[in-house]
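Peer 1: Pasting in a structure now, in structure tokens, and then I'll have a few things to ask.
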């Protein structure tokens, strides 16, 4: 392998291998600097992008960023590649591919057909050449619809995960946030709790509680408790009601091992949850979370930049046909994504790459208090994500997660963006909101709390 | 905070379920104007975020801390990590885990003047909340050191490390030849908890050890765990570690069991429904 090069004026830049080229071509972010992989100068970055643009897509089959011999994610990527689907673009360079994606040749249907022919590295590569508007435009053409007790990802639909976290999992505290969310029309993607502990008994109490609430009020949505996948497999085996199986995933085998998982485990969980047949509209049962920087933080990135590692995680996700994939973009901290600018760009890259690979992408549009970011940055990312056609976002009372200590989107935020862009919740959930009187026939929130719910307050 | 005047009370739609706030600190029942957050709730959030930002970015004032420790009879040294400023500290965790050259020279000079090894080294690192350290570190340090002194343990100087992360304590402990390392650090501030102090304890500290060898006590602040409770817990950990000759995951914390004392019932279901 002789490497790759680019020339501008008198200067020539040499890039030793594909992973180096990808890393140097990546728009600036702190995680790549921390890993020592970032371009050394602004000119070197653009030179790498020029070299990358001239690279034939076929090169991605000749050179793997991580060898399939030592990494089962690479093995999965190689083994699951669909050569026939890839054929329409097989003659293109990465730069041509950007042009193709932005052209009228790329439609909702042609992108859907192309998806199995794309590898994560190709998709990561083209995203590195794209501006924010490119990421938005192409993603907005993709429609990746999934279903369980409702239909998610349709045109004009923006859904929310109701995230009723509580520092000690107090049932009334969790219920208070659920009620608050439902009254604001939140929760169609999933009602999903991050438990305070991974304690099996505590987790199953929460699972039963969520299931009871969904059944009692006949809410067309699904539940999830975000504990380790092995806990959920055990719960299924013991007959605990499980709608969706959650797991955090990453783009290398070693990073997944640091989460205590492998592909076989995910396959087992997917099969077990599918066999329960608890979905009424569809049977997508997996809920994955990802985020740039996870492989580096586990020291498991093999010299691959954090965005390419992230897109490799989507190859893992698509293998299991998930209901929801959530990139938790700003949670990891400023050593990976320093400020609002880096968080916004990363979120849009993740959404674009995931959508292109066929995934039902959502985003935890979020930040921590030690990142250079604030509510204005979140408003910008939320607005851009919704224009790009994101499937779902988070919903938390006031945007303040009192258990995980970070800020994400609020119930109000979802209503804002639905109002501005004319978006709706999942159709089944929207009908339920009207039936129980949370919304008016116009779709706007009622000014009065429905009696069924206000009655609950009297006995307290 | 001052109340925001509400000139037009017809505009904001209040929520009937505000009484549920007794069960959670979550920002429920905030009401809405149109679909948006009312001004009062918006500014309350902004003030909380501002407190958290200030906790991260306002530099720790070491003088008052040294004075407070001196008043209790504890000498202190001021050191810095290899991170030169906050921006570098936030982006390069590796630099915040090691002492800079001046700090190493200071400790070596101290060792030359006091060649006898010490048993206990207490380190205070600003971490991600100078507010937590400024407010609670001196009281926490003296509470613990007083109790350790009465047990006859020899105590080294208190080391105050700016731009410091948890692991920087290991290097201090190693330099001082300490057997026990207690590190107080400002924790990552939450929106409603900008002043939370963390305590990390390590038996036989050395550079390069992992979290698996540390025990952590978190959320020490007036609205969280009290200094007295944290001291009890830490003293229990110290006693156990000296008995077993280790710290970290091998040392399971069995000192307290009282959690989840405020478990209230899920009110969303009729009473015959809950198991």
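Here the Cβ of each residue, glycine as well, is placed from N, Cα and C on the backbone.
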Peer 1: Record says A:161, A:162, A:163, A:194, A:289 bind substrate. Source is TrEMBL. Which of A:79, A:82, A:364 does it list for that same site?
Peer 2: A:364
Peer 1: Per TrEMBL, which one of A:195, A:360, A:441, A:450 shares the adenosylcob(III)alamin site with A:247, A:297, A:403?
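Peer 2: Record source TrEMBL; matching candidate: A:195.
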Peer 1: In sequence order, which residues at least six apart in the same chain have a CB under 8 Å from the CB of residue A:247 (adenosylcob(III)alamin binding site)?
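Peer 2: In sequence order, the residues whose Cβ lies under 8 Å from that of residue A:247 (adenosylcob(III)alamin binding site) (at least 6 apart) are A:228, A:229, A:259, A:261, A:266, A:269, A:286, A:287, A:288, A:289.
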Peer 1: Near the Cβ of residue A:195 (adenosylcob(III)alamin binding site), how many other Cβ atoms are there if near means within 10 Å?
Peer 2: 20
Peer 1: Per 10 Å Cβ neighbour count, which of the binding-site residues A:162, A:403 ranks highest?
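Peer 2: Counting Cβ neighbours within 10 Å, the top one is A:162.
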Peer 1: Specify the nearest of the binding-site residues A:161, A:162, A:163, A:364 to residue A:403 (adenosylcob(III)alamin binding site), where nearness means the distance between Cα atoms.
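Peer 2: Closest by Cα distance to residue A:403 (adenosylcob(III)alamin binding site) among the binding-site residues A:161, A:162, A:163, A:364: A:163.
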Peer 1: Based on Cβ atoms within 10 Å, give me the single least packed residue among the binding-site residues A:289, A:364.
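Peer 2: A:289, out of the binding-site residues A:289, A:364, has the fewest neighbouring Cβ atoms within 10 Å.
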Peer 1: May I ask for the distance between residue A:161 (substrate binding site) and residue A:195 (adenosylcob(III)alamin binding site), taken between their Cα atoms and rounded to an integer number of Å?
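Peer 2: Just about 15 Å between their Cα atoms.
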Peer 1: Going by DSSP, is residue A:297 (adenosylcob(III)alamin binding site) part of a helix, a strand, or coil?
Peer 2: helix
Peer 1: Per DSSP, to which secondary structure element type does residue A:247 (adenosylcob(III)alamin binding site) belong, with helix, strand and coil as the options?
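Peer 2: Once the DSSP labels are grouped into three classes, residue A:247 (adenosylcob(III)alamin binding site) ends up as strand.
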